[in-house]
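Here's what Swiss-Prot has on this protein:
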- Tyr23, Gly25, Gly27, Asp44: Ca(2+) binding site (BINDING)
- Cys24-Cys40: disulfide bond (DISULFID)
- Cys39-Cys75: disulfide bond (DISULFID)
- His43: active site (ACT_SITE)
- Cys45-Cys106: disulfide bond (DISULFID)
- Cys46-Cys68: disulfide bond (DISULFID)
- Cys55-Cys66: disulfide bond (DISULFID)
- Asp69: active site (ACT_SITE)
Amino acid sequence: DLMQFETLIMKSGVWYYGSYGCYCGSGGQFRPQDASDRCCFVHDCCYGKNGDIVCGGDDPCKKQICECDRVAATCFRDNKVTYDNKYWFFPAKFPPQNCKEESEPC
């Protein structure tokens with residue numbers, strides 16, 4: 001859940017990453033701005049490969065979604081030093097021309 005995710009990354013996931021760089025938050029796209037933003041790119045790619053899956057019980061797809069979250073949380077934690085406040089609310093603070101370089105494919 002979100003609280004466990006935030007504990008692992010040692011930051012508030014929604015507050016710090018809900019609108020960070022070009023990729024974190026809703027509708028992420030274009031080239032990630034730094035290693036923290038890249039964590040969101042990798043997480044989105046992981047979910048994209050698995051589709052919008054809602055699973056329960058011992059279903060293996062639930063395990064894969066949890067693995068996407070685990071990898072992302074570890075990525076955020078390991079790259080916490082790259083977090084740069086200039087990218088916080090980046091798309092909102094700056095015009096979208098800052099997020100226009102295409103990202104590599106997943």
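A Cβ is built for glycine as well, from the same backbone N, Cα and C atoms used for every other residue.
Shown on the structure are the features that Swiss-Prot records.
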| residue | record | Cβ neighbours (10 Å) |
| --- | --- | --- |
| Tyr23 | Ca(2+) binding site | 28 |
| Cys24 | disulfide bond | 27 |
| Gly25 | Ca(2+) binding site | 17 |
| Gly27 | Ca(2+) binding site | 7 |
| Cys39 | disulfide bond | 29 |
| Cys40 | disulfide bond | 21 |
| Asp44 | Ca(2+) binding site | 19 |
| Cys45 | disulfide bond | 16 |
| Cys46 | disulfide bond | 17 |
| Cys106 | disulfide bond | 11 |
Disulfide-bonded residues listed as Cys66, Cys68, Cys75, least Cβ neighbours within 10 Å: Cys66
Proximal residue to Asp69 (active site) among recorded positions Tyr23, Cys24, Gly25, His43, Asp44 (C-alpha distance): His43
Other residues, Cβ within 8 Å of Tyr23, Gly25, Gly27, Asp44 Cβ centroid (Ca(2+) site): Cys22, Cys24, Ser26, Gly28, Gln29, Cys40, Phe41
Neighbours of Cys45 (disulfide bond) among the recorded positions Cys24, Gly27, Cys68, Cys75 (Cα to Cα, within 10 Å): Cys68
Shortest C-alpha distance to Cys39 (disulfide bond) - which of the binding-site residues Tyr23, Gly25, Gly27: Tyr23
For Asp69 (active site), the number of other Cβ atoms found within 10 Å of its own Cβ: 17
Residue among recorded positions Tyr23, Gly27, His43, Asp44 with Cα closest to the Cα of Cys75 (disulfide bond): His43
Cβ contacts of His43 (active site) (under 8 Å, same chain, 6 or more positions away): Cys68, Asp69, Val71, Ala72, Cys75
Per DSSP, three-state class assigned to Gly25 (Ca(2+) binding site): coil
